[in-house]
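> Not my notes, these are from TrEMBL:
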- A:Cys630, A:Cys636, A:Cys670, A:Cys674: [4Fe-4S] cluster binding site (BINDING)
- A:Cys674: siroheme binding site (BINDING)
- A:5-283: domain 'FAD/NAD(P)-binding' (DOMAIN)
- A:317-384: domain 'NADH-rubredoxin oxidoreductase C-terminal' (DOMAIN)
- A:412-461: domain 'BFD-like [2Fe-2S]-binding' (DOMAIN)
- A:476-525: domain 'BFD-like [2Fe-2S]-binding' (DOMAIN)
- A:551-613: domain 'Nitrite/Sulfite reductase ferredoxin-like' (DOMAIN)
- A:622-757: domain 'Nitrite/sulphite reductase 4Fe-4S' (DOMAIN)
Amino acid sequence: MKKQKIVLIGNGMAGIRAVEEILKLAPNRFKITVFGSEPYPNYNRIQLSKVLQGDTEVADITLNTWEWYEENGILLYPGETVIEIDTDNQIVSTDKKRQVKYDKLIMATGSDPFMLPLPGIDKEGVTAFRNIKDCELMISASENYKKAVVIGGGLLGLEAARGLLNLGMQVDVVHLSDCLMERQLDKTAGKMLQKELENQGMNFLLEKQSAEITGLDRVEGLKFKDGEEVKADLVVMAVGIKPNVTLANESGIQVNRGIIVNDYLETTVPNVFAVGECAEHREMVYGLVAPLYQQGLEMAKRICGIDSEGYQGSVLSTQLKVSGVDVFSAGEINEDEDTKSVRVFDDWLGVYKKVLVKEGKITGAVLFGDTQDGTRLLSLINKKAAIEEYMDNARSEETGLDLIASMPDEEIICGCNGVTKCSIVEAINTQGLTTFEQVKGCTNASRSCGGCRSLVTDLLAYTVGDAFEQNQKESICGCTTLSKDEVIEEIKDKGLSHTREVMHVLGWKSEEGCSKCRPALNYYLGMLNPLEYKDEKESRYVNERLRANIQKDGTYGVVPRMYGGVTNSTDLRKIADVADKYDVKLIKVTGGQRIDLLGVKKEDLPSIWAELDMPSGAAYSKGLRTVKTCVGADFCRFGTSDSIGLGTKMEKKFEGMNAPHKVKMSVSACPRNCAEGGIKDVGVIGLDGEYEIYVGGNAGTHMRQADLLAKVKTEEEVIEMTAAFLQYYRETANYLDRTSVWVERLGIEHIQTYLSDEKMFKELNQRMDESLSIVQDGWKEVLESETMVRDLYQNVNIPAGSN
Amino acid sequence: MEQLLNRICVAKFDELPENLGRRVHVGEGNLEIAIFKLANGNIKAIENRCPHKGGVLSEGIVSGELVFCPMHDWKISTCDGKAQGPDIGCVKTYKVEVEDNDVYLLIEK
């Protein structure tokens, strides 16, 4: 039988996804030709904002390589635009005078950015944010210019603005409404978002209507209706998109806002389909990826002659891709007379959740700060679940599995990398995966923001069934099935003494382990046997191995120790001299009250340390970093204790301590807590005649308010309690778990009970002292060893033209 | 076609630490090569720039024939230069010869 000819107009995500579905359903039945105006293979347009934000590169966002087209026998004409469709004879013609006949035509022409018709719009330096070219223009503008103005405070505008900030530009965001992303967020979430982005450095001009772009050849400013004007070297227009329907319209296909299609994505003209952003289905035009993929699947079924109920429309959901901000919304977002809502609002942690309920059914959700529930809520909204199901879900794991079971195969689990339920299930089944890490490694799911981790884990549990339980003891890494506790037991039992021995005796799958287990084993061995164990430099991450913090360009940061954050003029002079002599690129005061010298070459590190002649600040270590202190009773009019004195004592005591992860401490001299003990691993607050010790706080990725561990009377007791706490953490935490995670795992009550046993308390203190007894200054150790200087810091230089 | 190669002594075999990389700068340009002595005693040389974001591979953790980039943990083979799945990319590899105790790097003229 002769192959039927499919022609696809538009080489973007929606069209190519539809082609992939067709190839899956009916391989070899069609001869497929694709026309695309952009000179690239299909790429992930959603990730453009990540390219702009510097998180990824253009090459990394390609979805289908040139080889893919070839392997599937698809004829691709990149950089070629279809300009005419003869629907009677079923022929398309292009701008390169090519004519191709079709049996089925798919229009996936996408949409164009909407450009406000302002005077001056054609000036140099005015751009949309839609394709790779726009992205490149913005990146090159950032190299020569300072000030950018983004028009539009919606999803795209904010992602563009974040990208421009990362590129080092000053950014104003102009928005017509008084609230950001008002189509996706309610007022509360919009305001929280605004505050967060202002903290990141964005400046907002709300309720402003743009009137004119000023300047000679290049843009110099933006004028508003109210007469005000701001300076601008770059104007990015991100006010919306409009479906690209020109070609369809000219070809006699019925269009409204988009190309009108029925449930099978058929247009009003026989054998012509439309899919994606250009299509209008039941008066809705979709601009997000999930609905477009659903449309593609339904259309593919129709083209391949498979019965289905067709496309039924989608509930919209949104996730903002700006680092450090978690925002999610789906379905309805604002209450009306018929809706009720369930809300959680935690101003301290910056978390806001709202679930809208109409007649008992979930109809929409807005999440800010914690978006883990996002995918689940979307799924519940899609199946019009009762609110009880969500409320119960929050407590019961089983319903989580039910939910996974009821998800359609095409549902996207990982929004960042576009990984669907069925592709994860397939990987699990065909490659016999049993752990979350393996799934992440093989499918890319959860590799970007990690927000879908719980879903992936549920899906794994659901797919492998009983086999799941036994694997959930959380093995150290993919090289072994043993958990940390089991490995530690074996090390003690069998008296194992190096990483290679551990891996060999305990049957590691790879002979030399990986970047996860090797540093972990090195730590466990050292923690169990501090006096005998010889630390393995080659099993340390780069920063710890080189005792400096690697930067993105391969240079390093140097942070000398300043006990309690106190310095003096001699040290400052030395630091200044060294900075000049070694051409330090940036001198920065850190969050832990230290000075960081950035941009140092590796080979210069030993000489800088020698000339500084100060102890290492250990800013690179998994161990004690800093003890931050407030001014305290000597100078502060509120201070009730000597915070600097105690902080310095603690820092001198625990300096050089290794731990599963970094440990930050602080001492404040009154409840105002200027040293921010609420977000430290150990935060001490000195009151009148008493000290409070808080633990397990964290301000980073796993934000957590510290718990009160104990109240004690003297400085000595503070130090003993801290030592016992930290030693217990050192002995029982998983490598790379901060105290926040560990305290949450064990529970603060458990830790308090354990430490209240006098014998345990004493022994923990003894073991801590033992491990501290062998501590050497990180820098001195290097300077005293010629081999270390040679092995770790010397480069080889081959002069040009040598032989 | 036969390529003209420079043969340059870059290290003493017994002075190269096992499973640690060493950086070699070539000429005035940006070319940097990472040399590794693997646990099996083989010496490997690859371009010192991770295909992902240019991380310095010479500072990565070495396991068998793989090196883990210190920036974002990509796994690169020191033998053929290829990134391991699911990542895609490749770095250049260079020939190395060991004679007596001298390690020679072969690079194009």
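Just so it is clear, glycine is given a Cβ too, placed from its N, Cα and C backbone atoms.
All annotation found in TrEMBL is predicted automatically rather than curated by experts.
Note that the structure is a prediction, hence the values are computed from the model and not measured.
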> Just name the winner among A:Cys630, A:Cys636, A:Cys670, A:Cys674 (the binding-site residues) by count of other CB atoms within 10 A of its CB.
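For the binding-site residues A:Cys630, A:Cys636, A:Cys670, A:Cys674, the Cβ with the most other Cβ atoms within 10 Å is A:Cys630.
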> Quick check: with A:Cys630, A:Cys636, A:Cys670, A:Cys674 left out, which same-chain residues have Cβ atoms within 8 Å of the centroid of the [4Fe-4S] cluster site Cβ atoms?
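So the extra residues in range turn out to be A:Val631, A:Gly632, A:Phe638, A:Gly639, A:Ser643, A:Ser668, A:Ala669, A:Arg672, A:Asn673, A:Ala675.
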> Let me check one thing: do the domain 'BFD-like [2Fe-2S]-binding' (A:476-525) and the domain 'FAD/NAD(P)-binding' (A:5-283) come into contact, meaning three or more Cβ pairs under 8 Å with sequence separation of at least 6?
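Contact criterion not met.
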> Would you mind splitting the domain 'Nitrite/sulphite reductase 4Fe-4S' (A:622-757) into helix, strand and coil residue counts from DSSP?
50 helix, 34 strand, 52 coil
> Of the listed stretches (A:5-283, A:412-461, A:551-613, A:622-757), which one yields the highest count of Cβ-Cβ distances below 8 Å with the domain 'NADH-rubredoxin oxidoreductase C-terminal' (A:317-384)?
A:5-283
> If you count every Cβ pair below 8 Å, which range out of A:5-283, A:412-461, A:622-757 shares the most with the domain 'Nitrite/Sulfite reductase ferredoxin-like' (A:551-613)?
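Answer, by Cβ pair count: A:622-757.
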> Across the domain 'BFD-like [2Fe-2S]-binding' (A:412-461), what are the DSSP residue counts per state (helix, strand, coil)?
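Looking at the domain 'BFD-like [2Fe-2S]-binding' (A:412-461) with DSSP, the answer is 28 helix, 5 strand, 17 coil.
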> With DSSP as the yardstick, break the domain 'BFD-like [2Fe-2S]-binding' (A:476-525) down into helix, strand and coil residue counts.
27 helix, 1 strand, 22 coil
